[in-house]
Amino acid sequence: MYRCATFVLFLALGIAFQLSHGTEVNVTDKDNNLCLYANLMVNFSVSYKVADNKSATAEFELPANVASDGSTCDATSSVLKLTFGEGHSWSVNFTRSEKTYQADNITFSYNLSDTTVFPNSTSNDTTTVTVLTHITPVGVDTCYSCKSKDTFEADLVNQTLWDVLIQAFVSNNSTSENITSCAADVPTTPVAPTTPVAPTTRAPNTTTAEPVTNSTSTAPPPPPTTPTPTLPAPTTGQYIFKPDGNSTACLMADFGLRIGIKKEEMNFEPNGTTVTGKCEVNSSELVLTSNTVTITLTFVNETKTFRLHALNVTGKTSSGVMFSEANTNLSLWQAAVGSSYMCNKEQNYTITSMLTLYTFDLRVQPFGVKKGVFSTAHECSLDDTSILIPIIVGAALAGLILIVVIAYVIGRRKTYVGYQTL
């Protein structure tokens, strides 16, 4: 059986070098045929809370001995999932088109109760971060290779990959000898220096007529600026998370979503979005992964009320700009546990200095879902028409008082003028 070629040829230098040994994994399908191969190295740097509201940083690497039981392969999608230590996991999702495949995102979950990795941690939670990869599409029946270091930054977590060799869709039970190298590994060709042009020598006693023009040359006016078209209202998606295929929904959310990054806005597309998450007693998490954006919403249960506590949005704008923004200190969408939160009107929230979120036709219930339907809704103030009644009555009374005052002033003035005439 061939392995992916473990060298990258440097054309300029004419030498080859071997990949250093990292974490090597062979994933087989239900027929016990090799369907996914990976050999890579990953370093993690994680900030976490310790006593006295201080922070510490844990630095560790993906061990050579991992379990890959959660990995899957099929014709159009594959998942490389590696579990290690006391409740940690690292996974990459791949999708395949007709001629290429690509890595869509990387998901890293770490267990803060592991005292070996996170000594003196004040939390026992398992935290998950998801980032988009920088891996460009790779040809089918080709190995992706990248010896250079590639760092992915997310909320409190940095992941650095290098010495990567992956083939996500292996055919014929054998990895390919063809290599697709990352851009950082490809040597650049130096640009030849430009040879200065010698000035033209004129023959003696020879004059050259210079062109004469009577018109003044002006630069053409700049083209008119085309205004940025207004985005249509985003499509409302219905997102339901079930712990497993045989259970009922434990978290439900309906909304249309628009994401603003700096001065660029884009609508979140629900079609093709995968829904994952978790449901626990005191926290729930909804993870939405589309082709370009991954959104993680974390809710907390505070005995009688719930709220959106944290939001992590990672993705790529339509112009190709990569971004990762997070806020872990939110107090949005609050309602009583056992009910749902609803706001049909458009709302906008400044999540970070770079990220603004717009919601449309929002309804969410992260706790106490029964029989797969929303419970009684707590309406936002924009939807609650009952508060308009006292406002209207107050405005009417204010207008009536103003009319009375004006009439009184006019009446007094006429009476005063009449007295002066007498």
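In case you wondered, yes, glycine gets a Cβ from its N, Cα and C as well.
A quick note: this is a predicted structure, and the numbers were derived from the prediction, not measured.
Residues annotated as signal peptide in TrEMBL: 1-22.
Helix, strand and coil counts under DSSP for the domain 'Lysosome-associated membrane glycoprotein 2-like luminal' (26-169) come to 3 helix, 89 strand, 52 coil. Summarising the annotation, TrEMBL assigns domain 'Lysosome-associated membrane glycoprotein 2-like luminal' to 26-169 (among others).
Residues or ranges marked as disulfide bond in TrEMBL: Cys146-Cys182 (among others). Around Cys182 (disulfide bond), taking its Cβ as the centre, 19 other Cβ atoms fall within 10 Å, counting all chains.
As annotated by TrEMBL, domain 'Lysosome-associated membrane glycoprotein 2-like luminal' applies to 234-370 (among others). Residue counts for the domain 'Lysosome-associated membrane glycoprotein 2-like luminal' (234-370) under DSSP (helix as H, G, I; strand as E, B; rest coil) come to 0 helix, 86 strand, 51 coil.
Annotated disulfide bond per TrEMBL: Cys343-Cys380 (among others), in sequence order.
Among the features that TrEMBL reports, transmembrane segment is placed at 387-410.
Distance noted between the C-alpha atoms of Cys343 (disulfide bond) and Cys182 (disulfide bond) is 45 Å.
Neighbour list (Cys146 (disulfide bond), Cβ cut-off 8 Å, at least 6 residues apart, same chain): Ile135, Leu161, Trp162, Asp163, Val164, Ser181, Cys182, Ala184, Asp185. Here the disulfide-bonded residues are Cys343, Cys380, and the one whose Cβ sees the fewest other Cβ atoms within 10 Å is Cys380.
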